[in-house]
Amino acid sequence: MSYFDNYFNEIVNSVNDIIKSYISGDVPKLYEASYHLFTSGGKRLRPLILTISSDLFGGQRERAYYAGAAIEVLHTFTLVHDDIMDQDNIRRGLPTVHVKYGLPLAILAGDLLHAKAFQLLTQALRGLPSETIIKAFDIFTRSIIIISEGQAVDMEFEDRIDIKEQEYLDMISRKTAALFSASSSIGALIAGANDNDVRLMSDFGTNLGIAFQIVDDILGLTADEKELGKPVFSDIREGKKTILVIKTLELCKEDEKKIVLKALGNKSASKEELMSSADIIKKYSLDYAYNLAEKYYKNAIDSLNQVSSKSDIPGKALKYLAEFTIRRRK
């Protein structure tokens with residue numbers, strides 16, 4: 001239990017209620033497929049960041065709840081389509097949407113979620129000045145473009161073994177951090193924050209998102225399958241060029257590199273081959289990856305500390321969430 005549990009639960013429950021009311025309609029199977037991943041829980045980290053960022057600048061809660069729901073629905077849309085592209089079978093401990101409902105319906109479910117995200121954001125922005133509405137839609141739309149670019153780059157990486165660290169960081173700043181940045185900056189924007197504070201909150205989200213993805217890559221090697229909610233070592237099997245793989249290939253001995261490369265991207269790799277590869281990766285890059293995540297976490301806190309708002313509880317809550325991001329185990 002944390003000091004912030006009641007605070008967080010109120011936000012999560014309100015956002016969940018809005019999502020449930022919006023992801024329903026007259027075509028039951030489509031809406032069932034669209035709502036499927038929401039039934040498995042999830043951290044709701046992005047709507048928490050958005051709502052608390054709004055609180056930080058004295059924003060209206062109901063408006064933030066709808067904007068947070070828009071962000072979470074958009075995030076879920078990306079998960080549905082990512083699982084199709086990565087051919088993943090499990091997400092959050094459940095069969096992925098395309099596995100449970102078939103590929104055509106999963107694609108439609110993703111499309112529906114994409115549209116519903118905009119519908120929710122439209123509701124969130126009602127009554128705001130036109131300039132604020134345009135800025136919010138611009139941030140939201142650009143985040144989708146940037147995420148799509150990041151996913152494409154990530155897929156290209158699967159066919160390369162010469163990825164540099166900066167290329168990886170650029171990729172995750174698009175694929176993952178863009179939506180964190182959208183969450184924190186839209187939250188500040190709809191609460192009336194000035195341009196400099198919106199920029200600082202965007203920087204907070206970007207750095208936090210990078211730290212989050214690095215930790216996610218670490219957990220892909222260290223968490224057990226039940227905690228992770230997907231098959232352990234799936235990143236190795238899929239050939240994902242995480243920071244851990246990049247650093248290992250840079251530092252390991254030639255015979256160790258052969259072991260890693262034999263398993264990397266090999267859909268039929270045995271459990272023993274995956275474990276041997278994972279052990280080598282942990283040996284060379286685990287500490288480095290943790291330190292890198294810590295660096296971006298500190299960058300996020302530095303940006304947060306510079307905002308003009310001195311609202312105590314929301315500021316502390318965002319710092320708590322940021323720390324959770326790098327200390328989490330799933």
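Note: Cβ is positioned from N, Cα and C throughout, glycine not excepted.
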Q. Which residue of Arg92, Arg126, Arg142 does Swiss-Prot report at the same isopentenyl diphosphate site as Lys43, Arg46, His75?
A. Arg92
**Q.** Surrounding CB atoms that lie within 10 Å of the CB of Lys240 (all-trans-polyprenyl diphosphate binding site), all protein chains
**A.** 19
**Q.** Neighbour count (Cβ, 10 Å) for Asp82 (Mg(2+) 1 binding site)
**A.** 18
Q. Counting distance between Cα atoms, which of the binding-site residues Lys43, Arg46, Asp82, Asp86 is nearest Lys175 (all-trans-polyprenyl diphosphate binding site)?
A. Asp82
Q) With a radius of 8 angstroms around the mean position of the C-beta atoms of Lys43, Arg46, His75, Arg92, what other residues of the same chain does the isopentenyl diphosphate site pick up? A) Gly42, Arg44, Leu45, Glu72, Thr76, Leu79
Q | Among Lys43, Arg46, His75, Arg92, the record's isopentenyl diphosphate binders - longest CA distance, Å | A | 16
Q: Would you identify the secondary structure of Arg92 (isopentenyl diphosphate binding site) according to DSSP, in three states?
A: coil
